[in-house]
Amino acid sequence: MGARASVLTGSKLDAWERIRLRPGSKKAYRLKHLVWASRELERYACNPGLLETAEGTEQLLQQLEPALKTGSEDLKSLWNAIAVLWCVHNRFDIRDTQQAIQKLKEVMASRKSAEAAKEETSPRQTSQNYPIVTNAQGQMVHQAISPRTLNAWVKAVEEKAFNPEIIPMFMALSEGAVPYDINTMLNAIGGHQGALQVLKEVINEEAAEWDRTHPPAMGPLPPGQIREPTGSDIAGTTSTQQEQIIWTTRGANSIPVGDIYRKWIVLGLNKMVKMYSPVSILDIRQGPKEPFRDYVDRFYKTLRAEQATQEVKNWMTETLLVQNSNPDCKQILKALGPEATLEEMMVACQGVGGPTHKAKILAEAMASAQQDLKGGYTAVFMQRGQNPNRKGPIKCFNCGKEGHIAKNCRAPRKRGCWKCGQEGHQMKDCKNGRQANFFREVLASGGHEARQLCAETSVPISPTNGGGSEGTRESESEGGSGRAVPICLPQIPLWDRPIVTAKVGGHLCEALLDTGADDTVLNNIQLEGRWTPKMIGGIGGFIKVKEYNNVTVEVQGKEVQGTVLVGPTPVNILGRNILTGLGCTLNFPISPIAPVPVKLKPGMDGPKVKQWPLSREKIEALTAICQEMEQEGKISRIGPENPYNTPIFAIKKKDSTKWRKLVDFRELNKRTQDFWEVQLGIPHPGGLKQRQSVTVLDVGDAYFSCPLDPDFRKYTAFTIPSVNNETPGVRYQYNVLPQGWKGSPAIFQSSMTKILDPFRKSNPEVEIYQYIDDLYVGSDLPLAEHRKRVELLREHLYQWGFTTPDKKHQKEPPFLWMGYELHPDKWTVQPIQLPDKEVWTVNDIQKLVGKLNWASQIYQGIRVKELCKLIRGTKSLTEVVPLSKEAELELEENREKLKEPVHGVYYQPDKDLWVSIQKHGEGQWTYQVYQDEHKNLKTGKYARQKASHTNDIRQLAEVVQKVSQEAIVIWGKLPKFRLPVTRETWETWWAEYWQATWIPEWEFVSTPPLIKLWYQLETEPIVGAETFYVDGAANRNTKLGKAGYVTEQGKQNIIKLEETTNQKAELMAVLIALQDSKEQVNIVTDSQYVLGIISSQPTQSDSPIVQQIIEELTKKERVYLTWVPAHKGIGGNEKIDKLVSKDIRRVLFLEGIDQAQEDHEKYHSNWRALASDFGLPPIVAKEIIASCPKCHIKGEATHGQVDYSPEIWQMDCTHLEGKIIIVAVHVASDFIEAEVIPAETGQETAYFLLKLAARWPVKVIHTDNGPNFTSAAMKAACWWTGIQHEFGIPYNPQSQGVVEAMNKELKSIIQQVRDQAEHLKTAVQMAVFVHNFKRKGGIGGYTAGERLIDILASQIQTTELQKQILKINNFRVYYRDSRDPIWKGPAQLLWKGEGAVVIQDKGDIKVVPRRKAKIIRDYGKQMAGTDSMANRQTESESMEQPGEIP
């Protein structure tokens, strides 16, 4: 107050106090009126220091005078007071305010007349930018426009693109210009022909109107008189520069052609602005969460584009600005009154309607203001004082509730003064001091210490209410002992506008710290030194400022030099150029949690996926979202040094016009290390204990509250593109856990667990269930105490950066939690409504099944088997599916069950768990978990797993195992079971198969329907029963086969089969034996496949043959089934093997087959090892693998394996750079043929196939079902070349897996060599060459080309070897030993060499010299010996393996 009172001293103060307020009034001016005037000037952003001098008061009067006509009474009173003060400074003798105003008017009138007289005598200056000056001869000449001005104009047009800002920019740059200069400016932007055409039309219209209103004089002109300008003369098309100068400067009859032309240009610019900015001022409305400042910016930007008079624009400002604001801001603006200034509006609405993160950040910063620093405090840098001793939680002044502040309050706003908080007056009428405790009933920082930002810094910035000291203060506790306090950097909270006192060039002033401003702009400050004029843009338009360089700015003892702009700004601003020098940072307290270190998978680099194009509205939405996230500290801008990128896109939120940002992290997820999920499932309400008090909380912005590892952030980079590549994309990276990234759930769960552990330990009576951001808090405490503990939990989370919004804070039942509805003594699932549709799609059925599965955990008897049958196979989501009668019945049954609400109860630890299981037929089961009868904790259902052959007891064991695992997870212990099976039935089955599955203890109850075994296999041969030796064989190529049996009594039955496989034939042989046998039978088979199926005692099967076998088994009294190894000389087995193999399969005989088979039976080695160790051709080795029952036991077809026969190729089309590449891959070698084709047609595909067949032997081509592959041209090419064309899934569910993998490999190589080739077709052939001949690996360590040649050569050798062996088999050998003169034989010829032969005689292989052997042809006589290789048959040829020799 002393500073303001020092405006007048001594005699001047005495004179001031003698002046009356009104004529004849007793009240006189006092010192308090000076204090009041100083404060009012600050409200109007004027310098109160100017009141100290006469010149200063005169400047204030000139500044305020234009606003008197529309100003408030307070403004008029202020102007009157300054006028009186001006008279006091000038020593004028006045008695009251009226005389002071009269004196002021007289002095000002005399000055104006003197200036007018001086102007008449001085030469006319029409412009400062383009002056028309007088030369040495006294002639008026024109000074040409400068290149710098033209450059500024062109740059403005290119940057602003005819936005509303271009009009004041044109007016500023063209001030004083003549039409010649203006046309020069327009010619400089000739690239915008569309806009200039619009401007030309406006000029023509205005010129025509000028000619109509200013007709030319009739007759010739007098000598020496210049003609009057026409419309085209004003436009500069038919006039010269000299004529334009004369018209402008010819005294009283001057015509300012330049100003007239400028008005026409402005009219055209207005039209262009309206065209380029079609948004109407009526459409500018403030969003529900949009900051008021951003809304004002958009409002005035659009207002400048409106073609209206200034009076209309003033009306729009007074009414629409308030009318179109959001409800929160509108209520505050209306409370300010109709005459509130824009500054008052922006001050009042600061933080209102903005993102809720502001309140969270500020509350977090203030709540921890005195908590983390033990034994110390942080001097908080604020505009107004605060109470460091205030205790207690944050409390809202507006609604009185704890947990938030008034600026973030959603309750209706209190009316009242924005200074003192009292109702009955507004801020402009406040007499109660500068700042009261409005919105600060309880400061957020009261009772807490701020987090320690650094170890040591300078002294505190501003004293607290108790006074400041050099880094220490006395304790205010009862002891009163002083303590040392660690010194910390100053913090400037954002509860209010961050205004500080700064010394600029030696002058003290208050300025706003504005991180959104580039420059520092001050008003009414006199700086020394040279300055340059400059124009900057602000809220109200462009303003002219003076630019001073190297000005010293001091803030709280720290100095920095920088550029300062001085001009008529409404608020003094310290911009980023000064704040950066001071070392200021904008800190958003995301979380004090230590980041979890994350790495990429070994050998992998970050994603480098290009951003795909986005529409303009999506780019604008993403820009706004990212700007807000950047302000919150969630993301940061990055430069071009980061080589990684992940594409982003935007979608509209459901039932909303707002946009949501999505990041496609699929590529990053592939490359990121794997995480262990710390939580393997969601909590179940059946496992909750019944609690007296319950609360459900939700953590707001859960992932965004956890920091991301700084070393990993670079991999999350993404780019926001610009429309038409106008500017480079804006690059960002995440500072927090991103949504959609694979590591976010695990890291957040782990971090949240660590945060909750201290609270759990200190509050053991409180039970907290945590799943992601949902928290269930239960206790048996009284409700009031329970809620206190919940508030402590919320505060605990808040200190770590996690908020729990009031909107999702559930205090009263029913509680909605994790999809469940919790009541005090029961729970249920949230209401489920099944849709009633006439037309069902696959997607509808999927959603329906999901709802029913969710309901089955409390509703008993829910069945979905028939519904699931409708969507089997690969179908489109939109494909229409007709409901079967069974599915309709099942759906209606489920509807009936869901009509009546069903509830579950809570867990009681002192009681046992029980489970009841029921069978519903067709492999469907239901179960209930309970402690008391008819009070279920949980229910569920089970459907038979994917198994071709099973029985009820096996399914029952699976149900029990499933329920047991659930019980261990939910309740931590095993329940007791009540099962629908008799003890005898179970023990009979379980005695042999106990090792198959783990089963807990149970009780056997007689609750129908009971489960029983329909047949039983004997463990020992049945004495007196007939024995059937069964076998089957099939030819892979012809699909023909035989199946049958022989008995020890000589009875036999052989049937022929068509379109069969070896496994089907084996099963058919068992079926024939069962059909032809009596009530008791022994069956012997050499097929492990058959033994495995029947010995499991299935009661149902998906295979028709197995189902028939089951039916036959149920008719028998006793059945014994055993297995014997094939081809081991077992009589009956060998006999039936010969019978079914005749004319079906042939066997290749080579040395080492027996040893290889025995070795494989021991170790089950692969065919490569057999071929290498025993010298067998690959085909023979593969046949041995195919004949192994343990290596092929799971089905009739070798699913999951690709056919690697030498003549099989896969073909597919892929796309790159908008072109089509057709690729053919040799499956066995990975050799590639590829080229670019002009179109994906059948003709081009067939032509490529012909070229492929001309180069390489192709027997089979495998493709997908694309139209180019199924075309008539492709069929014709396959027919002509004799190539078998296969579609679909012949051997592998992903039958195109080889060519798809090669497509990826080929594209990868193309990217590596792309910069070496001009055209894509060249790059494709280069990549094919690299793949085929420059990269080794895989089988044999060859290149793909070498491997292909080796395979083809091996195929030829194998074929020739087969011919040679078959030829040799037609000869027999008689031989003799060296010591025995008797000829032995005949033996089998295995090999004939130049000096010796290799023979096999009675199982022994011998090498006999050529001279001691006689070779004769076999003419069909049956050779003796049961072990002769000629009579031995193997099952191997019937197996479906590649490379079989027919």
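In case you wondered, yes, glycine gets a Cβ from its N, Cα and C as well.
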Correct range for region 'Interaction with host CALM1' (source Swiss-Prot, candidates 8-43, 728-763, 1016-1051, 1088-1123): 8-43
One of Asp1230, Asp1264, Asp1315 listed by Swiss-Prot as binding Mg(2+) 3 at the site of Asp1212, Glu1300: Asp1264
Further binder of Mg(2+) 1 named by Swiss-Prot next to Asp773, Asp774, taken from the candidates Asp674, Asp698, Asp844: Asp698
Record-annotated Mg(2+) 2 site (Swiss-Prot): member among Asp1137, Asp1159 besides Asp1031, Glu1066, Asp1086: Asp1137
Swiss-Prot annotation (zinc finger) - matching range among 55-72, 217-234, 415-432, 1423-1440: 415-432
Segment assigned the feature region 'Interaction with membrane phosphatidylinositol 4,5-bisphosphate' in Swiss-Prot (from 73-77, 723-727, 873-877): 73-77
Segment assigned the feature region 'Dimerization of protease' in Swiss-Prot (from 577-589, 902-914, 1071-1083, 1344-1356): 577-589
Between Gly219 (site 'Cis/trans isomerization of proline peptide bond') and Glu1066 (Mg(2+) 2 binding site), the C-alpha gap once rounded to whole angstrom: 124
Non-local residues, at least 6 beyond the ends, that sit with Cβ under 8 Å of the region 'RT 'primer grip'' (815-823): 682-683, 685, 688, 694-696, 771, 774, 776, 829-831, 854, 903
Cβ-based isolation winner (fewest other Cβ atoms within 10 Å) among the binding-site residues Glu1066, Asp1086: Asp1086
Alpha-carbon distance [Pro220 (site 'Cis/trans isomerization of proline peptide bond'); Asp1137 (Mg(2+) 2 binding site)] in Å: 132
Which of Asp1031, Asp1137, all binding-site residues, has a Cβ with the fewest other Cβ atoms inside 10 Å: Asp1137
Pairwise CA distance, Asp1086 (Mg(2+) 2 binding site) versus Pro220 (site 'Cis/trans isomerization of proline peptide bond'), rounded so that it is a whole Å: 130
Neighbour count (Cβ, 10 Å) for Gly219 (site 'Cis/trans isomerization of proline peptide bond'): 6
Within the motif 'Nuclear localization signal' (26-32), residues counted as helix, strand or coil by DSSP: 2 helix, 1 strand, 4 coil
Neighbourhood of Pro220 (site 'Cis/trans isomerization of proline peptide bond') by C-beta distance under 8 A, where only residues 6 or more apart in the same chain count: none
